[in-house]
Amino acid sequence: MAEEIRFFELNTGAKIPSVGLGTWQADPGLVGNAVDAAVKIGYRHIDCAQIYGNEKEIGLVLKKLFDGGVVKREEMFITSKLWCTYHDPQEVPEALNRTLQDLQLDYVDLYLIHWPVSLKKGSTGFKPENILPTDIPSTWKAMESLFDSGKARAIGVSNFSSKKLADLLVVARVPPAVNQVECHPSWQQNVLRDFCKSKGVHLSGYSPLGSPGTTWLTSDVLKNPILGGVAEKLGKTPAQVALRWGLQMGQSVLPKSTHEDRIKQNFDVFNWSIPEDMLSKFSEIGQGRLVRGMSFVHETSPYKSLEELWDGEI
């Protein structure tokens, strides 16, 4: 019998459900139905962010699900993220309060620094003049206060390289519980995964299918012949194999879909596994990062190159 891998334990002792519904690029008007369908299918983990612009709609649906007795608040694991315009320590609690208000919650289970980048307060877009020097230790102190208050049951980071995570661990009183990064068979993050594991930081993978629904990212992750071959042998879809690979590598996965049939398919990853001989073939897959963060790279930015933004993990 395959090991189900329904949860991973965080360094706080809390359990994070291994499959969460991603809501990035989920259009308002569709995201509510997606969350409703996902929870009824069995998802207990919803990945949100203020910058996605859909937390209000998600909040309305969550309230309806809680009020209707479909699921209890304590059975759900809700993540949100601090956007780059709120890195000033005084802005951090305000940002979370706004998210809590929109989601109609008293607390989030996980609150992440979305990017290791500071943008001018109130700015939209990524004009070079909006990119400020970063002070992650100060922002993290404010995050620790949210953890102390109970409004964020766990805190963590997103899009942090091994080096940036190592630097934060040196100064952190409360170590990050999670580093959420792009991760899929065509961007496996082996160096970062090993580092996170060695420090007790859980790796969570966004775009685990390579963002097939986006128009501005060219993604052939699911068309990879190795993935296709394994899927065929196991009688599964390439998407299911990509997700199950993530679970077997020890990371939670956050597939995004607004189609009920795919939301259901993406959850069918528990009662089977990829045999070791097939798993080893994944090391032959060519690697390439899709979400590169070019918007944050400029000669006047703290990051003059992608090399600097990712500290060589590119």
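Here the Cβ of each residue, glycine as well, is placed from N, Cα and C on the backbone.
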Hey, which of Ser80, Ser295 does Swiss-Prot call phosphoserine?
Ser295
Please give me the CB contact count at 10 A for Gln180 (NADP(+) binding site), counting all chains in the structure.
27
Which one is it, among the recorded positions Tyr52, His114, Ser257, Ile263, Asn266, that lies nearest to Ser295 (phosphoserine) by Cα separation?
His114
What is the number of other Cβ atoms found within 10 Å of the Cβ of His114 (NADP(+) binding site)?
20
Including all protein chains shown, what's the count of other C-beta atoms within 10 A of the C-beta of Ser257 (NADP(+) binding site)?
22
Here are the binding-site residues: Leu209, Ile263. Which has the lowest count of other Cβ atoms within 10 Å?
Ile263
